[in-house]
Amino acid sequence: SLSAGLDLPGRFLFATLTLMTLIAILVFIEEAVYIYRKIPSSKRSIIIWINAAAPVISTTSCIGMWVPRSTMFTDFTAGIFFAIVIHKFLMMMIKECGGQKVLLRRFENGHFTITTGPCCCCCLCLPRVPITRQTLFWLKLGTFQFAVFRPVLVFLSIVLWTNGNYVLYNVSPKGPALWISCFIGALTLFALWAVGIMFRKVRILLKCKNIIPKFALYQFIVILNHLQTTIINIFATQKIIPCAPPLSSTARGSYIAQQLLIMEMFLITVISRVVYRRKYHDLEPPECVAEEPGDKKQTP
């Protein structure tokens, strides 16, 4: 096995990263117990799901580091889990506004700005969209489709892989890996776009609930888990990361990505505990917010 062929620094690195993964899991369990006891039941499961993203990715990376042949399954497991978390983050923003009905009352005459990343940040000519029940449905559908289709495409990839037709690092147009990856990439962009549209609208309202640090942590997980891993895999495929027997270039790239993810997700788990642990006051009802300017005018 690989662990048997490691030198002393290599074993120390593996042991340290495994310890960091275990600490991240313990921190998350402690945080989940706190959330279960202190957070209202309507928000409880959503916040636990979002907090679980970093520990789950760290755990799958640790398993892939120790068992190289499981990398295909661990990467897909982390991808499926995070697809669900993207949908949960959108739902959390709606819940923090008081729910869908209260959100529609707060922004009764408001508009969504759809010229936001990652899809339409340069399309400044696009019109603003009224905030209605229908537009909220389309935003929720934008993240829900990713949570549904990502597991289906992953299942298809595993079926093709067991049959020998799917090669993860094969970017040939004749192979299915390139087309499945492009389709997943398009679905990911639409899901992130829906979250970005909602965040741009509610970030001022939810500033008192630290939505900006929460969104930043969520964005870091997206960038590190998808963009960073993809760049490292491209470098490995192009032999920019040299091979080091008994590891090939692709195997070394996979190890580098997994080890970086373990350290990064450990830090995000600890920071998430601080950000989500704080006690936040509920927002005032929309009627109170609407009456405030009138009250101030009457004050001598």
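Placement of Cβ uses the backbone N, Cα and C atoms for every residue, glycine included.
From a predicted model like this one, the values you see are computed outputs, not experimental measurements.
The annotation transmembrane segment is assigned in TrEMBL to 12-34 (among others).
Sequence annotations record features per position, and here TrEMBL assigns transmembrane segment to 46-67 (among others). Sequence-distant contacts of the transmembrane segment (46-67) (same chain, at least 6 residues past either end, Cβ-Cβ under 8 Å): 2-3, 14, 17-18, 20-21, 24-25, 27-28, 31-32, 35-36, 39, 74-75, 77-78, 81-82, 84-85, 88-89, 91-92, 95, 214, 218, 221, 225, 254-255, 257-259, 261-262, 265-266, 268-269, 272-273, 276.
Summarising the annotation, TrEMBL assigns transmembrane segment to 73-91 (among others).
Under the heading transmembrane segment, TrEMBL lists 137-161 (among others).
According to TrEMBL, the transmembrane segment annotation covers 176-195 (among others).
Feature annotation from TrEMBL assigns transmembrane segment to 215-236 (among others).
What TrEMBL records for 256-276 (among others) is transmembrane segment. Sequence-distant contacts of the transmembrane segment (256-276) (same chain, six or more residues past either end, CB-CB distance under 8 Å): 13, 17, 20-21, 23-24, 27-28, 30-31, 35, 47, 50-51, 54-55, 57-58, 61-62, 64-65, 71, 210, 213-214, 217, 220-221, 224-225, 228-229, 232-233, 241.
For the transmembrane segment (215-236), the neighbouring stretch richest in Cβ pairs under 8 Å, chosen from 12-34, 137-161, 176-195, is 176-195.
Here the transmembrane segment (12-34) has Cβ contacts under 8 Å with residues 3, 6, 48, 51-52, 54-55, 58-59, 61-62, 65-66, 259, 262-263, 265-266, 269-270, 272-273, 276-277 of the same chain, all six or more residues outside its ends.
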